[in-house]
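Colleague: Pasting a structure here, questions to come.
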Amino acid sequence: MNVNVINHPLVRHKLTLMREADCSTYKFRTLAIELARLMAYEASRDFEIEKYLIDGWCGQIEGDRIKGKTLTVVPILRAGLGMLDGVLDLIPTAKISVVGLQRDEETLKPVSYFEKFVDSMDERPALIIDPMLATGGSMVATIDLLKAKGCKNIKALVLVAAPEGVKAVNDAHPDVTIYTAALDSHLNENGYIIPGLGDAGDKIFGTR
């Protein structure tokens, strides 16, 4: 499976705090931002760099910068917005694209009700953010939309993933790497990740 479980002590610690049944909206929201920041560091580890000259205090010196077009971060509405600030803390120059999906009542498959992409998508790396990778339907649909725009360098950043969701993404898009804080046990009969986080969107927005 093309999945990278970020096994960092701080990531594991913060994720456990989010799993607590009495985790407040404020605490859950804050931890989602902190985790996204830590995980984005790992997801950006292989960014390509290039050399260039700068004027330093002692004269001209050679330095490094990220090569190519600026990253676009792609939150899946609505829960993905809860991770956005964490990624932007680390990469404040990132451009933001947004995808909103809902389930078709007849086919039960996710369909887009809103999408807004930045320019030059075919030249930018894209980082999709969503707290939960459950069945994988929304993630696969979002990747489909990005590839239709010509995007070739795509990664997914999720807090918790189920094996079923990882398999769905790997089967449909084996070139996309998934970064997650935990690969959990399974989905229950209602499609919730076990042990998971519950409804991450409700917890982030305080609508539970």
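For all residues, glycine too, the Cβ spot is worked out from N, Cα and C.
What Swiss-Prot lists as 5-phospho-alpha-D-ribose 1-diphosphate binding site is Arg78, Arg103, Asp130, Pro131, Met132, Leu133, Ala134, Thr135, Gly136, Gly137, Ser138, Asp199. Per Swiss-Prot, the feature uracil binding site maps to Ile193, Gly198, Asp199, Ala200; the stated evidence is sequence analysis.
Locate each feature and note its surroundings.
Modeller: For Met132 (5-phospho-alpha-D-ribose 1-diphosphate binding site), the same-chain residues 6+ apart in sequence whose C-beta sits under 8 angstroms from its C-beta are Ala79, Val158, Leu159, Val160, Ala161, Ile193, Gly196, Leu197, Ala200. Met132 (5-phospho-alpha-D-ribose 1-diphosphate binding site) falls within a strand segment according to DSSP.
The DSSP secondary structure for Gly198 (uracil binding site) is coil.
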Colleague: Work through the binding-site residues one by one (Asp130, Gly136, Ser138) and name whichever has its CA nearest to the CA of Gly198 (uracil binding site).
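Modeller: Of all the candidates listed, Asp130 is nearest in space.
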Colleague: Would you work out the biggest C-alpha to C-alpha distance among Arg78, Arg103, Asp130, Pro131, Met132, Leu133, Ala134, Thr135, Gly136, Gly137, Ser138, Asp199, the residues that bind 5-phospho-alpha-D-ribose 1-diphosphate according to the record, and give it in angstrom as a whole number?
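Modeller: Output for 5-phospho-alpha-D-ribose 1-diphosphate binders Arg78, Arg103, Asp130, Pro131, Met132, Leu133, Ala134, Thr135, Gly136, Gly137, Ser138, Asp199: max Cα distance 18 Å.
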Colleague: Looking at the binding-site residues Gly136, Gly198, which one has the fewest other Cβ atoms within 10 Å of its own Cβ?
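Modeller: Minimum Cβ neighbour count within 10 Å, taken over the binding-site residues Gly136, Gly198, occurs at Gly198.
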